[in-house]
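Taken verbatim from TrEMBL:
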BINDING   B:8-21, B:Gly103, B:Asn169, B:Arg194  ATP binding site
There are 2 protein chains.
Amino acid sequence: MMKAVGLVVEYNPFHNGHLFHLQQSKYVSGCDAVVAVMSGHFLQRGEPALIDKWTRAEMALAGGCDLVIELPVAYATSSAEWFAHGAVALLEATGVIDAICFGTESGQLAPLASAAKLAASNSTSLKQLLQEQLNLGASYPRAYSNALTQLLTQATDWQQNAIALDQPNHTLGLHYMVALERLNSSIKPYTIAREQAQYHDPMPNHHAIASATAIRKMLLEAQNQNLESISAYVPRTTLDLLERTLIKEARQPMHWERFTAQLFYQLSVMPPAALSAYREMEEGLEHRFTQYAKQVSRYSVEELLSAVKTKRYTRTKLQRALLAVLLQHHKQQFTREQLTQGIQYIRVLGFTEKGQQLLKDMKKKAKLPVIHSPAQLLGSSDYLQLDVAATSCYMQLFEAKNPKLQLADYHKPPIRL
Amino acid sequence: MMKAVGLVVEYNPFHNGHLFHLQQSKYVSGCDAVVAVMSGHFLQRGEPALIDKWTRAEMALAGGCDLVIELPVAYATSSAEWFAHGAVALLEATGVIDAICFGTESGQLAPLASAAKLAASNSTSLKQLLQEQLNLGASYPRAYSNALTQLLTQATDWQQNAIALDQPNHTLGLHYMVALERLNSSIKPYTIAREQAQYHDPMPNHHAIASATAIRKMLLEAQNQNLESISAYVPRTTLDLLERTLIKEARQPMHWERFTAQLFYQLSVMPPAALSAYREMEEGLEHRFTQYAKQVSRYSVEELLSAVKTKRYTRTKLQRALLAVLLQHHKQQFTREQLTQGIQYIRVLGFTEKGQQLLKDMKKKAKLPVIHSPAQLLGSSDYLQLDVAATSCYMQLFEAKNPKLQLADYHKPPIRL
């Protein structure tokens, strides 16, 4: 019987650090297959993906994943709590996952496990402490970590094991653990220390490993789509796929500035009251965005973000708010109840032969419909409609010469490798 | 005491035909001052104006108007009935207008007067007959004219005076007359035959007079913004102002294709159910637009309009629906009640010395606040907010290098000539 480990990924793009994590995950969990839950065209930090999800799924398969399923955009662009919930609920729903393995700054699972148990069972007191912290003006991640630490120091011998809960991968790891708790999942968690490259490092600092941020920066700055600068940091397979997409197919890597027209259009036409209906647009942020969208020196998302930024809001938070404006994600579609019940389909983006075995297995064990195209289910899931809209919005710019690719979600079969 | 005639205009751009109409209007009405109610940045046929409203107001003043006030976008982009209502209600509200003079195909006022009386007093039966005609598949203008003709032949000796009510200027003229009836206005109507150039004629067919459509076509097709092709058809003052805007200030004339990114973005991200909340988006049009926006061979508003066009819908109707999508005009903002009560301010775009006298007179006689900037009134009028948003949307493209011009409605004082 095949054993499968689940990874939660963005692969933007798939690089040597991802390859290393993938191999380590199989090793520590003793699994022989890898299932990746991958975000589609828009990502957790509130940004568009560099290249389309099918090409990224192909990178994942070429790099050692056996099955790639898509994290619906409703979760892929959520803050850590719901991002983690969506990903873990999807893995759980496949019915074939034995383990989950994620990278953290410390590589320690025990403190995350005790923090998660506490967070999952004390959500009311946690919410209260969190609100107090927010009222003091802390950013959300900092406030959450402070609140949880308060709870932990009251309740356990936390001090001895203490890890910095507000580090980005500890935050995500904690929420994977909380989700496993809440779903009462039998999936066994593992963590691996991310030593090679810090999440946000803009510059490569290791021989063969650079952060995805650094790699994207090199790609966006490369003259004439020259891929040489990144060749040391990505597997050959990734390099080939980037070459195919960016050079042979002559597509431009996506980034926020390519949505400038659409975004500033929205910010100029919509009154603040209408903007505030979008997710993450709260506490007066809508007024700040409306105001600064008309005070920038030129139409630039970067300049807008800098103008709106305050200590209170992380850049990620602001980008997520802009993404909600771009994708027209209304708060009313993302209530706690809807998010709790929103994982309703398993969308396959690609698979290997081994992945095909897993898919066969899933025919018996999966708790949700497994689909290859939204056509199989559309109309019955609002979140699926959001996925289709996100692809449509993305492809309009990624492939401006072919409007029919707006419907790629319907026409593109899963990648088989 | 000064006598003033009101004109309802778009001046897109101001040309010799407009000049001729203006002079004739003063002559037939015996007035010595001209007040123009002019549309702002978006027009009745569902199109953006070629150049900004301040430059067009300046053309109007240079061409002989004494006061230019803005028709709010809610009316300026409405079908004939509400367009006419808004314009006439504004003229009425100034308290200083003695006459209104409009061009028609026939130049006959009597049949319009009797048709208007009947239409104003029989709105229930008219609505019923109109619906019958629409159910038979007629376009709206044709259906309206058929229904009204039915009513007329039943009730009066219409046959003898019959004019073709579905000709565009008869339609507008009729609705000016209906509005005068409904408002119980003392403004005296006049009409002048429009002989020189048919409204839609794409080619100039008279020595010094060409339709605005023909002039726009020449301007948009001109190489290097060369204005020579139109010089025979516009006053010297218009030519100078076009030269200033298009050559010295290096702005591009506006047309639908410049909104392609914004429009297709809206059509791809919004589900049909959300699109159908926009004005004019009815009877399944939202599905046609959603579908064809993804089937065009390239992102082009022109191609989209051709694809969606059927016998039932005039091109104007489709363009107005697209404009409602672009400007995010929701049906719920345009109920009959809201439109009836929506004229709440008189926004001055420009005036001459004689116009200043009229403005002084209006201080005593006007029935609504006379404003020079939306700042004087914003918050108390939803339609004023739509005007500001329309300018913001327009200026984003008309002057892409200066984001602050999105707020031109606040910063630009009225033109004084």
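Yeah, the Cβs are placed from backbone N, Cα and C, and that goes for glycine too.
Unlike curated entries, TrEMBL annotations are predicted automatically.
Where TrEMBL records a feature, it is marked here on the structure.
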residue	record	Cβ neighbours (10 Å)
B:Val8	ATP binding site	23
B:Tyr11	ATP binding site	25
B:Phe14	ATP binding site	32
B:Gly17	ATP binding site	22
B:Phe20	ATP binding site	17
B:Asn169	ATP binding site	19
Practice problem: Could you tell me which three-state DSSP class B:Gly17 (ATP binding site) falls into? | Solution: helix
Exercise. Can you see whether DSSP assigns B:Tyr11 (ATP binding site) to helix, strand or coil?
Key: coil
